[in-house]
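Pulled from Swiss-Prot:
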- SER633: active site, nucleophile (ACT_SITE)
- LYS674: active site (ACT_SITE)
- ASP26: divalent metal cation binding site (BINDING)
- 801-817: compositional bias 'Basic and acidic residues' (COMPBIAS)
- 963-972: compositional bias 'Polar residues' (COMPBIAS)
- 509-734: domain 'Peptidase S50' (DOMAIN)
- 794-817: region 'Disordered' (REGION)
- 916-972: region 'Disordered' (REGION)
Amino acid sequence: MNTNKATATYLKSIMLPETGPASIPDDITERHILKQETSSYNLEVSESGSGVLVCFPGAPGSRIGAHYRWNANQTGLEFDQWLETSQDLKKAFNYGRLISRKYDIQSSTLPAGLYALNGTLNAATFEGSLSEVESLTYNSLMSLTTNPQDKVNNQLVTKGVTVLNLPTGFDKPYVRLEDETPQGLQSMNGAKMRCTAAIAPRRYEIDLPSQRLPPVPATGTLTTLYEGNADIVNSTTVTGDINFSLAEQPADETKFDFQLDFMGLDNDVPVVTVVSSVLATNDNYRGVSAKMTQSIPTENITKPITRVKLSYKINQQTAIGNVATLGTMGPASVSFSSGNGNVPGVLRPITLVAYEKMTPLSILTVAGVSNYELIPNPELLKNMVTRYGKYDPEGLNYAKMILSHREELDIRTVWRTEEYKERTRVFNEITDFSSDLPTSKAWGWRDIVRGIRKVAAPVLSTLFPMAAPLIGMADQFIGDLTKTNAAGGRYHSMAAGGRYKDVLESWASGGPDGKFSRALKNRLESANYEEVELPPPSKGVIVPVVHTVKSAPGEAFGSLAIIIPGEYPELLDANQQVLSHFANDTGSVWGIGEDIPFEGDNMCYTALPLKEIKRNGNIVVEKIFAGPIMGPSAQLGLSLLVNDIEDGVPRMVFTGEIADDEETIIPICGVDIKAIAAHEQGLPLIGNQPGVDEEVRNTSLAAHLIQTGTLPVQRAKGSNKRIKYLGELMASNASGMDEELQRLLNATMARAKEVQDAEIYKLLKLMAWTRKNDLTDHMYEWSKEDPDALKFGKLISTPPKHPEKPKGPDQHHAQEARATRISLDAVRAGADFATPEWVALNNYRGPSPGQFKYYLITGREPEPGDEYEDYIKQPIVKPTDMNKIRRLANSVYGLPHQEPAPEEFYDAVAAVFAQNGGRGPDQDQMQDLRELARQMKRRPRNADAPRRTRAPAEPAPPGRSRFTPSGDNAEV
């Protein structure tokens with residue numbers, strides 16, 4: 001799929017055929033042209049007001065359907081006409097195949113004198129052929145299917161229905177369009193020759209029993225031998241041999257006429273009749289043979305054929321009693337074929353649209369559009385440019401996966417026309433990889449489509465929509481890590497520095513001198529993908545596989561393989577179905593691309609690509625598009641499996657290389673890439689790694705790892721599991737199992753370092769950071785609201801740089817450090833007993849004066865927590881420094897703006913000092929003193945206590961007017 005356009009063009013052409021054709025991206029790369037053909041019919045409604053449209057949505061030729069009317073009594077159908085494309089394709093083209101098709105069926109033309117249209121439409125898609133439909137009445141049409149997505153009922157004719165062709169298969173061959181071949185000048189006038197539609201024909205064969213022919217009632221009257229269903233819409237060829245013998249010699253020559261009638265839906269009038277006549281005489285009555293050989297061109301198939309009838313008659317009355325017995329000279333049979341009948345879409349499935357109670361003589365409009373891939377005939381090819389189809393497995397598989405989820409996404413074959421028009425916006429979103437699927441989110445389908453895109457479509461095209469121009473450069477750096485799987489589950493490369501390459505071009509790394517390594521460079525073409533869940537094997541071993549892509553230097557990625565006992569070549573891709581042998585022919589292994597240099601245990605093993613190990617022990621294996629496994633890790637796994645593993649599968653991935661002595665394991669490269677593959681399954685990578693295990697005995701490795709290998713499987717969580725290995729992968733220098741792979745990765749690292757100072761490096765890191773932190777949706781919504789980045793620019797112009805606050809030790813370590821510090825101080829002061837443990841028991845306090853005096857006097861260690869007050873001098877009752885006590889008392893009581901503290905309060909403060917040995921009050925004692933002060937201030941006064949009054953205010957001096965000047969009262 002072209003990620004520059006970021007559009008699934010093939011899927012878009014299927015769901016929106018009016019947008020035009022797009023080449024089918026499969027591996028049929030014929031030169032062709034793309035052509036869109038229209039079909040437009042105005043069908044006149046009969047007097048009954050009812051009829052049926054038979055649509056062939058997948059037919060690759062020009063005939064796309066047929067129209068039938070019900071008779072006036074609605075007791076029988078009458079064929080009206082074929083529905084075909086505007087151009088007869090076989091006139092100009094030799095081969096073709098259908099890409100997509102759509103019909104719109106609606107009525108909007110009023111007959112003269114009417115003001116409104118009546119009538120309704122029923123439509124249903126039937127998975128079988130037309131002859132298998134039991135009833136074509138309006139009401140019984142809905143019983144053809146139980147799938148609600150394949151039927152529409154009681155839709156007004158003015159609203160209309162839409163029929164959409166959804167492919168039933170994607171293996172579509174080019175079919176011959178029954179074109180006429182050039183003829184010579186001496187040909188008879190009117191004679192012509194055509195290439196018949198003989199690709200995948202549907203063949204019918206009527207086998208008659210070896211018994212008596214049923215008697216005829218009279219001469220010239222047909223007697224039926226067989227009558228049954230058959231579907232034919234294209235040319236057919238009839239061949240047959242009906243042989244019989246008469247019981248008696250005929251009196252006269254008797255003519256036997258065997259007649260094969262091809263009939264349609266509407267009546268018993270044959271569309272085409274094939275007759276074979278033979279004379280029974282005295283010479284041949286013991287073995288008479290009637291041969292049938294006739295070709296019927298498409299022009300003679302004037303309506304869809306749904307029934308055949310084989311009958312016979314005779315011309316002699318005397319021969320009626322002469323018994324004829326079939327099969328005298330061999331089987332009696334008649335066969336005929338339906339051209340292209342087994343091509344998907346030619347005869348099945350079909351869509352039936354019935355209309356009822358429409359106004360007679362009103363018009364029913366059928367407007368269709370069909371998209372084709374066509375190969376012109378030689379005459380037209382001289383003046384027309386053709387192009388090869390592009391093989392795009394991603395585009396094809398994305399279409400497959402979307403259409404395989406048609407029920408969840410509500411993609412239908414028949415629609416109410418207004419619903420289909422409403423859904424076109426969703427279809428455009430699904431096929432546009434740069435869309436964030438806002439409409440699909442409203443319908444509840446965004447998660448499904450996103451999940452499919454992650455598997456089958458380029459992830460970078462949906463990673464950062466506004467960075468679409470950078471996609472081509474992004475896949476050089478981190479694209480390989482974020483876009484990991486191709487359509488259908490096939491791996492893509494995931495090493496840094498390389499473009500995306502399908503495993504079609506990859507090769508499992510190994511020794512170049514392997515027995516099969518060179519012969520298998522030209523691998524088989526295969527596109528099959530399967531997953532198979534197997535029960536827990538009796539034993540097994542998991543090894544990593546490193547793949548490289550020679551067309552892209554530096555390309556490398558990893559996967560896992562599990563080697564189990566048994567022969568399972570059918571579970572391997574055709575490229576991996578290689579059988580290798582142990583030394584001295586002591587066993588074999590499927591899926592290994594080189595012979596094993598040591599002896600086996602006379603058993604056969606199979607190396608299968610591993611996808612998942614479930615908790616119950618079941619293993620899920622898959623077919624991947626890659627070559628067979630080669631390399632030292634596979635040989636190490638086989639050595640452990642043959643010599644050491646007796647039961648079960650160790651939950652770990654083994655890597656390493658067995659030395660020549662077959663006992664020593666030497667270092668091996670590729671640890672980083674193998675670790676990514678192992679960690680995705682929640683498995684550890686175990687074995688000989690550079691700098692970890694320089695040299696380990698084979699037996700000791702098995703004893704140490706296998707016996708303890710009971711680790712539970714824990715799958716990596718999150719959708720960004722590959723991103724977190726980016727730093728490790730870029731920093732590593734070891735990514736291969738041989739010198740060639742090491743050289744390739746060194747080139748990758750050098751190329752990655754070249755862009756570290758470029759602006760693109762910052763953009764790519766930003767994209768990775770955005771996806772890693774799940775900010776893609778938020779950034780995309782912000783970009784729509786702030787297209788000029790004015791708000792965002794102001795927001796991030798000064799990024800926050802908060803220095804990280806140093807984290808101190810936790811409480812336990814802090815207390816231990818405190819105890820150690822107090823212990824050192826106490827020991828320096830002479831208290832040798834004060835160890836950190838003793839300080840901790842003493843409530844993390846140093847020795848008190850009593851404890852220190854006790855130690856000095858007795859020489860024994862004091863008990864932690866005991867103050868030994870008897871060994872210290874009792875404090876004085878009232879300290880001599882009363883000034884200090886008064887200052888504190890006045891401060892607590894409330895001076896200097898309130899009354900001085902009473903003597904009782906001084907005494908209370910002095911008592912606190914005495915209690916503390918001369919020290920001031922602690923926090924609790926200070927709170928008690930403040931409470932005592934408040935109580936003393938609220939204490940009521942005695943009546944004898946004089947109340948202090950204020951002195952009266954002095955009167956103000958007499959004022960004067962500011963207009964009266966000072967001096968005498970003289971006249972101004």
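Each Cβ is built from the backbone N, Cα and C atoms, and glycine gets one as well.
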Problem set entry | the residue listed as 'active site' and SER633 (active site, nucleophile), distance between Cα atoms, whole Å | 10
For this session: Inside 10 Å of the Cβ of the residue listed as 'active site, nucleophile', count up the other Cβ atoms and send me the figure.
Result: 29
Exercise. Hey, how far is ASP26 (divalent metal cation binding site) from LYS674 (active site), Cα to Cα, in Å?
Worked result: 33
Exercise. Which number gives the other C-beta atoms within 10 angstroms of the C-beta of ASP26 (divalent metal cation binding site), all protein chains shown included?
Worked result: 18
For this session: Specify the count of other C-beta atoms within 10 Å of the C-beta of LYS674 (active site).
Result: 28
